[in-house]
Amino acid sequence: MSSIKIECVLPENCRCGESPVWVEASNSLLFVDIPAKKVCQWDSLTKQVQRVTVDAPVSSVALRQSGGYVATIGTKFCALNWEEQSVIVLATVDNDKKNNRFNDGKVDPAGRYFAGTMAEETAPAVLERHQGALYSLFPDHQVKKYFDQVDISNGLDWSLDHKIFYYIDSLSYSVDAFDYDLQTGQISNRRSVYKLEKEEQIPDGMCIDAEGKLWVACYNGGRVIRLDPATGKRLQTVKLPVDKTTSCCFGGKDYSEMYVTCARDGMDPEGLLRQPEAGGIFKVTGLGVKAVGFQDGKAIGLSVFHKPLSFAAGPLLHPGGGNSRGRLEGASLDTNPPS
């Protein structure tokens, strides 16, 4: 295996960076800063960053088949128009739980947007338990609720043959698997494929590589671990110079680079002095593995990475959800460097 190199490519100072998504068409990385209410796009060629600020915590972002993006903002599934700096609400969940918000989300190979909720934290990983649920937004804008009693709905992805859905509820300290029906979006037969060890801390965001192995960012563990879900064995540990690693994805020209987000909320001044790159975006090269990517916006082979969400049928605005006209006011764009 070649020598692993870890570098902070963007000192963004995210309070809680999350949901990295590689955009092949523009050689850029999308990500969010949840409590700062920002969706960010970093151009890997020019090194410039654009940021859109919305009016509620934004926890995940994904590509959209027809252009633009979808995002989970507060407890809403939304469509995000970057150029117009506007957000349109597609659906709302957890109407009876005013303290909830979405957390991690990702699009399945058939174009459904899966995302789960959690109670708002009083401190990092400190919250009222069992308040969350897992949902998916179907391309016809219907929302399906899979289960509730979730603590912190987190990392998710699909096996290369699309027959297994992988999922993390962080405070279970487990990576779980479900049988998956791609045609219907149904899940069944939940089981644990990996239990985290004490030093690995809290499982957070997750992605899958071209060999079908899972990569899990470990919050407070300062690492990303590679797992074989078939055997339940940890294959590799990549330690980073920050503790609060939150999520990961593959990107770059041939999808051989790993991008890792992290957080700085909850760190005291001494901790920030020790870890000045906390909240930055890291690039890891030399892993010796890659992911399956996209070409011209179309899935190649059995790719499960960030498949654009298709809303071909009907209007963007979900007929029964959202605010009066489905628009979140206050979206704004900035291209300035982080303070």
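Backbone N, Cα and C define each Cβ position, glycine as well.
What TrEMBL records for 16-263 is domain 'SMP-30/Gluconolactonase/LRE-like region'.
Residues or ranges marked as divalent metal cation binding site by TrEMBL: Glu18, Asn154, Asp204. Counting only same-chain residues at least 6 apart in sequence, those with a Cβ under 8 Å from the Cβ of Asn154 (divalent metal cation binding site) are Asn103, Asp104, Gly116, Ile168, Asp169, Ser170, Pro203, Asp204, Gly205, Met206.
For Arg101 (substrate binding site), the number of other Cβ atoms no farther than 10 Å from its own Cβ, over all displayed protein chains, is 23. What TrEMBL records for Arg101, Asn103, Glu121 is substrate binding site.
Taken from TrEMBL, the feature active site, proton donor/acceptor covers Asp204.
Summarising the annotation, TrEMBL assigns region 'Disordered' to 320-339.
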Return the residues near Glu18 (divalent metal cation binding site), defined as same-chain residues 6+ apart in sequence whose C-beta is under 8 angstroms from its C-beta, sorted by sequence, else 'none'.
Phe31, Val32, Asp33, Ile34, Ser59, Ser60, Asp104, Gly205, Thr246, Ser247, Thr261
Tell me which residues of the chain lie with their Cβ under 8 angstroms from that of Glu121 (substrate binding site), as long as they are six or more apart in sequence?
Leu127
Using the CB centroid of Glu18, Asn154, Asp204 as the divalent metal cation site centre, which other residues of the same chain sit with their CB within 8 A?
Ser19, Asn103, Asp104, Ile152, Gly155, Ile168, Ser170, Gly205, Ala217, Tyr219, Thr246, Ser247
Substrate site, defined by Arg101, Asn103, Glu121: further same-chain residues with Cβ within 8 Å of the Cβ centre:
Ile34, Pro57, Ser59, Asn100, Phe102, Thr117, Met118, Ala119, Glu120, Leu127, Ile152
